[in-house]
Structure formats: C-alpha cells, structure tokens
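The next block holds one structure in the form of structure tokens; read it before the comments.
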Amino acid sequence: MSVKGITPQELAAYGIHNVSEIVYNPSYDLLFEEETKPTLEGYERGTLTTTGAIAVDTGIFTGRSPKDKYIVRDAITQDTVWWADQGKGKNDNKPLSQEIWNHLKGLVTEQLSGKRLFVVDTFCGANADTRLQVRFITEVAWQAHFVKNMFIRPSDEELARFEPDFIVMNGAKCTNPQWKEQGLNSENFVAFNLTERMQLIGGTWYGGEMKKGMFSMMNYLLPLKGIASMHCSANVGEKSDVAIFFGLSGTGKTTLSTDPKRKLIGDDEHGWDDDGVFNFEGGCYAKTIKLSEEAEPDIYHAIKRDALLENVVVLADGTVDFNDGSKTENTRVSYPIYHIDNIVKPVSKAGHATKVIFLTADAFGVLPPVSRLTANQTQYHFLSGFTAKLAGTERGVTEPTPTFSACFGAAFLSLHPTQYAEVLVKRMQAVGAQAYLVNTGWNGTGKRISIKDTRAIIDAILNGEIDKAETFTLPIFDLAVPMALPGVNPDILDPRDTYADKAQWQEKAEDLAKRFATNFDKYTDTPAGAALVSAGPKI
C-alpha cells in the first residue's frame, strides 16, 4: 500500500521488503491508541499513568550502551573520526568494517521486513540551512512517539518536500548471534555509516540511543563546516542576550539555565553558526528520579498527555512513584518542548551567545565559585570538562572522585576534542563573547556553595556586573577571580579564605592541578592540544 510521504518501494531501497502497512508520521492521538493496545506484550506495551503520560520499560538497557557503539571506517571517516584505537584519548568510536556493517544491516532489515512499520520524518537542528532531515523507521509505536517528542516536527508543507539526509533503522528486537566471531563487544549494536548516512540499532530498547545517535552525527558533520556543536543548555534574555551553559550531571546545568527572567532555547544539544545559537531538538529528555513539583515545577508539569515516561515505577492505581529507583536511577521523561511555558517561539533559536558558562561541582574544595577565562583557558577548561563527586566510604570518610569529560560530553564526540574547542573559541571571538568557570561545588567549610550565591553569580555574569569587578589572580590555576559581586557572600570568592589553614588549600590545589595535567596529556597528541598546556594549572 502507498501512504502519503513514503512508499514500500522507498523502504525496499533500504532493504526492507513486504511491509504490511506503513504508519507515516502518526499523530499523538494515534500513538496513544497504538501504545495502549491490550494485545501488546513485553517492552512494546505502554501503561497509562494518572499524569496522562504513557510509561514504558526498556528492559536491561536503562541507559546508553557505549561499549556497543561502532562507526564504519572507510574513505570518508578514516582521517576524520576520533577513533577509539588511535591516539591517546579513550572514547567509544570503535571502528567497524563494511563487511560487518552489511551483516548488521541485513539483521535489522530482516527484522523490519514483513511488519507493520512506523516511519517518522523529523528535523535535527532548528536552523533550516544546517539541519539534518532524519527518517526513523521502527516497528514499535512508543519508539515513534519518542522521536516525535525529541526531534523537530516538520509542518505539512515541509513534509511534502522532505528528502531524508539520514536514516535510522531501529531493530530493537533483533540481536547479532555472530558477535564473537566478528570481534564485537556483545550481541547488541548501535552502528553508524557516514557514507550511507544511516544508523542501525539492534538489541537495545533504550530510547536515548536514537537521540544521542543523531547528536553524535551532528557532532561529526557541523564542526567540519565551522559550526559549533555543543552539549549544553541555552537561554535568552529580554535584551536578546544569549547565554550557554556547559556542565556534566550534577553541576546545576538544568536548574541554572531555567530562569523566569529568560526564555529557554533548549536544555541539552545546540549548534552555533553564522546566524547564532540554535537547538538541535524539539523536545526535552529529563531525569525524573526523586522529581517533585516543588523542586522542578517545569518538568513536573510537563509530564502530561503526549509525554513518555521511561523505566519509572507505576503503582496499581496508575500513579507514578518518582522516588523509586528500583529499575534504574536513570528514570526519564521525554516531552515536546512546548510543554514548557517559557521557551523561545516559534523556532528554538536566537542570536549569538555573549556569555559562555562552564559549570563544575568541585568536591576538592579548590576552585573559586567564579572566574573569568582567557581564550586559551576557555579551550583548556572546555577540553578538561571537569567536575567531581563526593563518594562516601565505609568509615564515613569522603574522598572526592574527579570526572573529566572532554567538551562536557566526551561520549558523543565524533571528532578529536580539540576541533570542538577551536570552533567554539572562533565563534566566541567573532562576537566578543566571554567565558566563565562557575563552581557549584564545595569549599573549605565542607559545605556546598549555596544556590543563592550561585544564582547571584549567574546574575552578575548575565547583567555584566562581573566584568566591572576588580579581580585577583588565584595561584596555581592562574584564574582571574572577582573581589566582590552584588548579592554574593564576599567570604567565599577566594577559596583560600574558606580554610582555617590556607596551607591546606595549597596542598589540595597542587593535588587537583596534577590530576588536570594527567588528564590533559591525552590531548597533546595534536599541535592544537599541546599549545594549550600552558593555559592549565602550574604545578
């Protein structure tokens, strides 16, 4: 049969044959019916909750499977991809031969052939000049729902002229029994082919593989065109001033970029081109563990009809226990971005960023709550992507655990990290943007820097007060730290002042500096990385 938008002949070109029916770009109402059919079993089945949202389970895969990620190594990718088996840096870009790719593609197309399929055409990227037109093909209704939530939904006029740049075939029900002979990690796979412009998924039901798969591809394609591709949140003020927030989990990225005085551009993935900053996505993928209306009202109220909950515990009466992490701590909800009130409309993009904020939660008690970065320090700290967590031990002693993630998103980088740093700084320098390192972590008192002080710091950055402040240079890290800021406790700005004995800060600072240097060594395999060593801490 032929359905508006795509024909069985087009699917046959991908290797999918004898399709019984094509459900093309289904409406939310149709998806609701499909997901709640009483005949569905296993992970295909959706459960209606009292919030109005559907809840689904993804089985043993409650997060991404980075060890099962592969990219075909060929003439296009050989000298461009940041490969896992080359250079000093560790990453997830494991090479795959064309022969094994063909085998995996055969498994997925065989799984999808003869089935009733959902085909969803979407955009990745809010800027029409640089967006990817992505076609998702799946046999599972809620997976179609997920991508409808997460990607940008084309208008009917745009669908009429839609020509896919990239195909994602999700064969979650199939696995690869020959994985051992082929030298792969397991029977599951998430594989990419830049020449064929295609992603294959097998064995894992986790929705985030589709979202982050396309992020990895944007991270390949855009920087090669001189466009920054960023794992960050972004917002815009009343004077059209744009700020972007980088930070790993637990640093306050979502909380601090959600500001009643500013409109949200997006919460996770953005590009920065000649026109300005733009969202890659048309939705949000928020963590829900321990979610409460008081702490996260925007997310809480976004969980309603058309939202899709993943791996939450649903009680017999349909209520959701957000505090129950028995399935996973990584419980999630996806929803279209318009479920949030204070957003940029109608297109999730704005002008050039003037403020770039790197968030870190330093559990070592060394870094100041805020500092201004030079251009080289901007690249150094962007490549370092540092945060740290406090981990309790059996005797109640707490030892900080450092985390370094290149560009605050190493898992999704397809090119060498220095390429992202270079493009970001070029974009910043072209418009005179300034970067700041903001520490939302701990200091010498053993207490975390208060959210009140951190919000006042962010306000001082956004309204320009910080640029008028006198600064001093913090030794070892060579950071320019303001001496006073409106609304900020002056006793915390110099981290040394939070210690009864300043020698204690010195000792911890030297230890952390060594960790920075050890981590940064992996970027010195390129001239660009080697040139930045001097912008790091001095041991």
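Keep in mind that glycine also has a Cβ here, set from the backbone N, Cα and C atoms.
Swiss-Prot has this to say about the protein:
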{"type": "BINDING", "residues": "Arg64, Tyr206, Lys212, Arg332", "note": "substrate binding site"}
{"type": "BINDING", "residues": "Lys212, His231, 247-255, Glu296, Arg332, 448-449, Thr454", "note": "ATP binding site"}
{"type": "BINDING", "residues": "Lys212, His231, Asp268", "note": "Mn(2+) binding site"}
Using DSSP and collapsing to three states, where does Arg64 (substrate binding site) fall: helix, strand or coil?
coil
Spatial separation of Arg64 (substrate binding site) from Asp268 (Mn(2+) binding site) - C-alpha basis, Å:
16
Within the same chain, and leaving aside Arg64, Tyr206, Lys212, Arg332, name every residue whose CB is within 8 angstroms of the centroid of the CB atoms belonging to the recorded substrate site, in sequence order.
Gly63, Gly207, Gly208, Glu209, Lys211, Tyr285, Asn330
Give the sequence-ordered list of residues that share a chain with Gly247 (ATP binding site), lie 6 or more positions from it, and have CB atoms under 8 Å from its CB.
Cys232, Lys253, Phe358, Leu359, Thr360, Thr387, Phe408
Number of Cβ atoms other than its own within 10 Å, given for Lys212 (substrate binding site):
23
For Thr255 (ATP binding site), just give me the three-state DSSP call.
helix
An 8 Å radius from the center of the Lys212, His231, Asp268 Cβ atoms defines the neighbourhood of the Mn(2+) site; name the other residues of that chain inside it, in order.
Lys211, Phe215, Glu269, Gly409, Phe412
From binding-site residues Arg64, Lys212, His231, Arg332, the one whose Cα lies nearest Thr251 (ATP binding site):
His231
What residues, ordered by sequence, lie under 8 A Cβ-to-Cβ from Tyr206 (substrate binding site) and sit at least six positions away in the same chain?
Thr58, Phe61, Thr62, Gly63, Arg64, Ser65
